[in-house]
Amino acid sequence: MSRHLFTSESVSEGHPDKIADQISDAVLDAILAKDPKARVACETYVKTGMVLVGGEISTKAWVDVEDLARQTVKDIGYRHSDMGFDGASCAVLNAIGKQSGDINQGVDRANPEEQGAGDQGLMFGYASNETSVLMPAPITYAHRVMQRQSEVRNNGTLDWLRPDAKSQLTFVYENGKPVAIDTVVLSTQHREDITQETLREAVMEEIIKPVLPEQWVSKDTQFHINPTGRFVVGGPMGDCGLTGRKIIVDTYGGMARHGGGAFSGKDPSKVDRSAAYAARYVAKNLVAAGLAERCELQISYAIGVAEPTSISIDTFGTSKHSEEQLIALVRRHFDLRPYGLIKMLDLERPIYKQTAAYGHFGRDNLPWEQTDKAADLQADI
């Protein structure tokens with residue numbers, strides 16, 4: 001019997017890097033709502049009392065970047081100076097310019113179907129049948145713990161919690177399947193007057209126990225709740241935040257490889273984002289079709305070129321079909337040119353801010369999470 005441990009982490013919506021991601025995607029969504037063909041590469045930096053929004057944007061639309069940044073910070077929960085950050089009073093600096101014409105000439109074409117990739121790069125998509133959402137268990141439950149922290153903070157159950165938090169879960173795998181949770185780490189920002197005893201009991205009862213499946217938790221499971229003790233100073237006062245610094249949290253928690261490109265703040269002409277979504281869509285449908293228990297798909301592109309420069313598939317010995325058979329199947333059923341995948345997933349619309357916290361994958365309301373191709377794939381193999 002093969003037995004090993006695997007660990008993934010997540011962070012809350014109030015983590016500094018996630019504040020930056022959400023502001024970048026708030027700007028993107030506001031622009032796409034008015035101009036679906038806009039070219040957006042929006043980067044954000046946050047630190048005590050300051051938000052800096054920069055990047056390259058080409059659009060016919062006007063949006064109030066300052067108001068979008070402030071509202072995003074307030075929606076996350078930073079509304080008072082005693083939290084170290086206040087959306088109403090922080091400085092917002094705007095350093096946005098236009099997209100380079102050199103890039104634009106490689107993307108836009110007279111025939112839209114010949115739209116070139118916005119950059120070179122390699123992207124990965126992954127799926128596994130170990131959870132109902134066809135995602136790895138460690139990242140799935142690390143996200144759910146963080147979502148529960150946000151829920152009890154906002155609904156008043158634990159109103160002394162603050163927005164900044166992190167989780168980390170270590171799972172025991174036997175023969176490639178999760179069988180138990182070995183370790184849970186949860187650190188959450190809190191109000192200054194809360195004792196560690198009160199915090200640890202409340203976090204265990206209100207956050208951890210309601211989320212983790214009972215069959216995976218035992219007397220051997222270790223829990224580390226705020227293991228350093230006091231966590232009052234957090235958010236941008238504790239650390240600066242930057243768009244695109246949580247790419248493993250955003251994807252598969254380290255279970256799959258990553259091409260290196262971040263997602264937030266980028267319109268769908270940027271294959272860093274759109275092709276990673278398409279790769280997840282393909283991998284998930286292959287697993288949903290029963291053609292593999294695990295599947296990792298890699299796609300690569302050249303700037304200005306429509307067709308992918310490569311497609312490869314690894315099923316880790318869980319498929320009865322060869323890589324060549326599966327790639328041929330993918331080519332028949334999925335158009336992975338930039339124009340094709342944007343059309344296939346209907347990506348030129350304001351759907352991105354919701355992805356900027358708690359992961360871009362494993363959420364059934366998103367187009368790249370649908371398994372509508374599974375039956376056709378199964379019938380055609």
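Including glycine, each Cβ sits where the backbone N, Cα and C put it.
Of all Cβ atoms in the protein chains displayed, 25 besides its own lie within 10 Å of the Cβ of Lys246 (ATP binding site). What Swiss-Prot lists as ATP binding site is His15, Asp164, Ala165, Lys166, Arg230, Phe231, Asp239, Arg245, Lys246, Ala262, Lys266.
Positions annotated as Mg(2+) binding site by Swiss-Prot, on the basis of sequence analysis: Asp17. According to DSSP, Asp17 (Mg(2+) binding site) is assigned to a helical segment. Asp17 (Mg(2+) binding site) counts 23 other C-beta atoms within 10 Å of its own C-beta, drawing on all protein chains shown.
According to Swiss-Prot, the feature K(+) binding site maps to Glu43, an assignment based on sequence analysis. Within 10 Å of the C-beta of Glu43 (K(+) binding site) there are 22 other C-beta atoms, taking all protein chains into account.
Long-range neighbours of Lys270 (L-methionine binding site) (same chain, six or more residues apart, CB within less than 8 Å of its CB): Ala41, Gly118, Asp119, Gly261. Annotated L-methionine binding site per Swiss-Prot: Glu56, Gln99, Asp239, Lys270, in sequence order.
Mean model confidence for the region 'Flexible loop' (99-109) is a pLDDT of 59. Annotated region 'Flexible loop' per Swiss-Prot: 99-109, in sequence order.
The ATP site in the record is lined by His15, Asp164, Ala165, Lys166, Arg230, Phe231, Asp239, Arg245, Lys246, Ala262, Lys266, and its two most distant CA atoms lie 37 Å apart. Annotation note: Ala165 (ATP binding site) sits in a strand segment as assigned by DSSP.
A separation of roughly 21 Å, to the nearest angstrom, links the Cα atoms of Arg230 (ATP binding site) and Asp17 (Mg(2+) binding site). Its Cβ placed at the centre, Glu56 (L-methionine binding site) has 15 other Cβ atoms within 10 Å.
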